[in-house]
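K.L.:
There's a structure below that I have some questions on.
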Amino acid sequence: MTERTPLLHYRLSASVNESERRAPPAGQAVEQLPDTKKLSTFFGVVIPTLLSMFSVVVFLRIGFVVGHCGLYQAIAMFLVAYFIISMTVLSVCAISTNGALDAGGAYYMISRALGPEFGGSIGLMFFLANVCGCALFVLGLVEAIVATFGVPEATSSFQVLPSGYWWSLLYGTVIALLCLLVCLVGAHIYAKATFLIFLVVMFVLGTIFISFFVVHPRVIVLPPPSTPTANGTGPPFATTANFTSFKLDTLLGNLWADYTLDYTTGNMMNFATVFAVMFNGCTGIMAGSNMSGDLKNPSYSIPRGTITAVIFTFIIYNLLCVLEACSCDRVLLQRDNSFLRDINIWKPFVTIGVYSSTLSAAMSNLIGASRILYALARDDLFGKVLSPAKKTSHSGNPWVSVLISWFLVQLVLFSGKLNTIASIVTIFFLLVYAAVDLACLALEWASAPNFRPTFRYFTWHTCVLGIVGCAVMMFLINAIYASASIAFMLLLLLLIHYLSPTSSWGYISQALIFHQVRKYLLMLDVRKDHVKFWRPQVLLMVSNPRSSVGLITFINDIKKSGLYVLGHVQLGDLNTLPSDPLQSQYDSWLSLVDYLNIKAFVNLTLADSVRHGVQHLLFISGLGGMRPNTLVLGFYDDCSPTDKLIDPSLSTSQSTDPLGPSLDPEQQSPLFHFASLRGSGDSRDGKVVGPQEYVAIIADAMKMSKNVALARYFNNFDRAQALSPASSSQGKGAVYIDVWPVNLLRPDSCSYVDTCSLFLLQLACILNMVRAWRKATIRLFLCVEEGRSVRGSEEKLGQLLKELRIKAQVYPVPWDEQVALHWQRQGEWSKKQQSADGAEDDKQSAEEEESEEDYVNSFPSNATRLSDDYLSAVNKLILDQVRPPPAVRFLYLPRPPADTRRYTAYLHQLDLLTKDLGPTLLIHGVTPVITTDL
């Protein structure tokens, strides 16, 4: 008979019987089922894998390979092909021995290792590949039957079946219905039939081997080519060829390659096309792993059974290559794919073998497709679309999945010839195999302690070789289809990523990220830090996030890809508590980070005072070279807090979070289990930290060489509103960032180039580099006194800004009146306080020696005695410069006084200085952050 069966590819003999273990619904007791895992290594792994790898290729394509490539290249091809699949076999064995497998086979392996995105996309492609593979085998069986029994074949004595497209479709439908009936009854029917089919195939192979030795030389009539040469020109095709039995001349004539036209397609063959055809006989290696639910000992059976089947098929293929090269003319090998039937001791044997293996492969693919669909539906990766496929019979057979799979097979049958789809199916299966290698590689690279498979004969090198081999084969078969398949997989991956719910399987990406982050953190050497690469790494102390939404989002803008930590101190003593109260709070804080769409870590601590808690966080926050270098505190004042987490007019600055504007208060409030805010009538006395302790926290941070920023009037800050052109009544909607780089509490010192002033400029520049703030303009205010060269100071500052590559507008601000007011009051203040301070110092000298806060005496005394009138005048000076008002102001924060008794006065001075200024940052820098070097 003339055999024109399409190339037949990867199969999944997922003969998972109906006694598969099913996970019970939540809250339902697990019913004790009898142990039905009764298949041994031979029946459960070796037989399904052998049938999947042999199929019709062993009968119809080995001669084709030897005829075109010659014996040398044929053996080399098998060596390369088996090297590729052996790498994948090692990965399959490793994953399958690292835990129990459920329905779905490769899909289950990939999804539980790489996560739902990869698993779902690969699983859907695996399902489609099995559906198309089933249709391929059905159509191949139809063509084989029609070629033997069809009416158009005048040479046959058994022409009883009419032929044609609709007749072929009818025959295919009948065969598909037969497969459906078997699968509906249960996979155990197929499991029992596989042994009989295996015996048939082995018997036919035995007759083929015997025939090479017992059949005498004969002349065989070749089938006519399906595509005659154009216009009858070209070399004529031979009509006969010889089976010579074993002859040295025949072997010598078949050693080297002789590529010619394929008589069934008319296409010129080459190494790549023949290799693609041959590779179809090296697939089906996952058949055993898909039956893990029916094995007595999966971790023992899968590696041994799969490797045994691979070695056995490799030996059979190479023996056939040698025997055919020694006994068959090259013309016979090239011009008759079904010549084994003509040289067999009884011709129908090969036909029976082809029919049996093809029908087995078709049922195998249908069963495999239904199991994959059932696993996809059970995991809810595609929502309600696949929910009907979850239904099973009383015996556990997913009959709805079987019906859906059969229906899709029937649709594919309408396409008739599937030579084009055959290549796509092969590429889909190769993509699945590459994904299995990738899953094993990811597990190995992640170095997770729980990845300890009992099969240890693999390394990450074998995984990489498997991935590369599968990728090369994909593009060797068809580069266009391979690219389209990868694009389709990525599309499915994105679709599942955004639409599917979060799974509880564990994400290998998290393990890989942990592994890489740890490695790079160890490489981040703090001794190699340089000012050129400085960036703010911020610890923001948050008392209650409900009133700190504006500040949290603003600091997220100013961090410039640096470390950002939200810190919180809860007062308490672990000795008096039954458990750690902070563990239950982390979820709310992490939900807040997700809700505000900020890139921040959360660090909570339990301490007996806020001051000690901040010290803890400054000491322990971060890891390695990633530690906070800047502490940000909210300002200590009487402003009434506003709950921004339940306010319907929640700041639209979180516009990047699609859920933010759509949630109403009733939906938002349960999300964050934070304490309610104090009422508007509460005073400072109700706070957990007093002014003395607050300033002590600032002093502690500076002791630790941390930069400090105090944020005031950010409780109602709205970035979108602050940056909106409509928010500015003048200046054509311009947005400004105002910087006052002089210590306004030290009018006797007007330096603009100290470390703190440059730190202010750096932070303002960083904020201006953020995308949302790029249109803002930095305004730098230069305080000058009469008698000094205003133009010279302005030019000097402009030159400094040019060297620092900072774009800013410089505005000279005369402040003679304010300075004069200071010196006028300063003399009166000194006289009034001189006698009082002398008496008080004598009285308290003994107490100060034992004072626990005496350590701050190491600070330089920067707190000059300033009158309220001077501070109010400076505050008015700042307010008068705002036309239009800025979105935010940066002011110079002086060091706290060395004398701890003046902490309250220091805080009072800051309060008067920044009163009614709007969003303001008081900043003190202690480390150099700017350089003019390249």
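Placed from the backbone N, Cα and C atoms, the Cβ positions cover glycine too.
Straight from TrEMBL, here's the annotation block:
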DOMAIN    44-539  domain 'Amino acid permease/ SLC12A'
DOMAIN    551-638  domain 'SLC12A transporter C-terminal'
REGION    647-667  region 'Disordered'
REGION    830-861  region 'Disordered'
TRANSMEM  42-62  transmembrane segment
TRANSMEM  74-101  transmembrane segment
TRANSMEM  122-145  transmembrane segment
TRANSMEM  165-187  transmembrane segment
TRANSMEM  194-215  transmembrane segment
TRANSMEM  268-288  transmembrane segment
TRANSMEM  309-332  transmembrane segment
TRANSMEM  352-377  transmembrane segment
TRANSMEM  398-415  transmembrane segment
TRANSMEM  421-446  transmembrane segment
TRANSMEM  458-480  transmembrane segment
TRANSMEM  486-508  transmembrane segment
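How about a rundown of where these features are and what they're close to?
P.N.:
With helix defined as DSSP H, G or I and strand as E or B, the domain 'SLC12A transporter C-terminal' (551-638) counts 36 helix, 22 strand, 30 coil.
Counting residues 6+ beyond its ends, the transmembrane segment (42-62) has Cβ neighbours under 8 Å at 3, 5, 8, 11-13, 15, 137, 140, 144, 194-195, 197-198, 201, 204-205, 208, 277-278, 280-285, 287-291, 294-296, 301-302, 304-306, 308-310, 312-313, 316-317, 320-321, 324, 337-338, 340, 350, 353-354, 357-358, 360-361, 364 in the same chain.
If you look at the transmembrane segment (74-101), the same-chain residues 6 or more away from its ends with a CB under 8 A from one of its CBs are 65-66, 108-109, 113, 274-275, 278-279, 282-283, 285-286, 289, 292-293, 298-299, 302-303, 306-307, 310, 314, 317-318, 321, 325, 433, 436-437, 439-441, 443, 451-458, 462-463, 465-466, 469-470, 472-473.
Non-local neighbours of the transmembrane segment (194-215) in the same chain are 13, 15, 43, 47-48, 50-51, 54, 58-59, 243, 245-246, 316, 319-320, 323, 327, 340, 343-346, 349-350, 352-353, 356-357, 359-360; each lies 6+ residues outside the stretch with a CB under 8 Å from one of its CB atoms.
Below 8 angstroms of C-beta separation, residues 7-14, 44-46, 48-49, 51-55, 57-58, 61-62, 64-65, 68-69, 73-74, 77-78, 80-82, 84-85, 88-89, 92, 105-106, 257, 259-262, 301-302, 305-306, 309-310, 313, 317, 364, 423, 426, 429, 433, 436, 473, 476-477 of the same chain, each at least six residues beyond the ends of the transmembrane segment (268-288), sit close to that stretch.
Beyond the ends of the transmembrane segment (398-415), by six or more residues, the same chain brings 127, 130-132, 134-135, 138-139, 169, 172-173, 176, 179-180, 183-184, 366-367, 369-371, 373-374, 377, 388-392, 421 to within a C-beta distance below 8 angstroms of the stretch.
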K.L.:
Six or more residues out from either end of the transmembrane segment (458-480), which same-chain residues have a Cβ under 8 Å from its Cβ atoms?
P.N.:
83-85, 87-88, 90-91, 93-94, 272, 275-276, 279, 423-424, 426-427, 430-431, 433-434, 436-438, 440-441, 444-445
K.L.:
When you scan the chain for residues with a C-beta under 8 Å from the transmembrane segment (165-187), skipping those not six or more beyond its ends, what do you find?
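P.N.:
Beyond its ends, the transmembrane segment (165-187) has Cβ neighbours at 15-18, 134-135, 138-139, 141-143, 145-146, 193, 359, 362-363, 366-367, 370, 395, 397, 399, 402-403, 406, 409-410, 413-414, 416.
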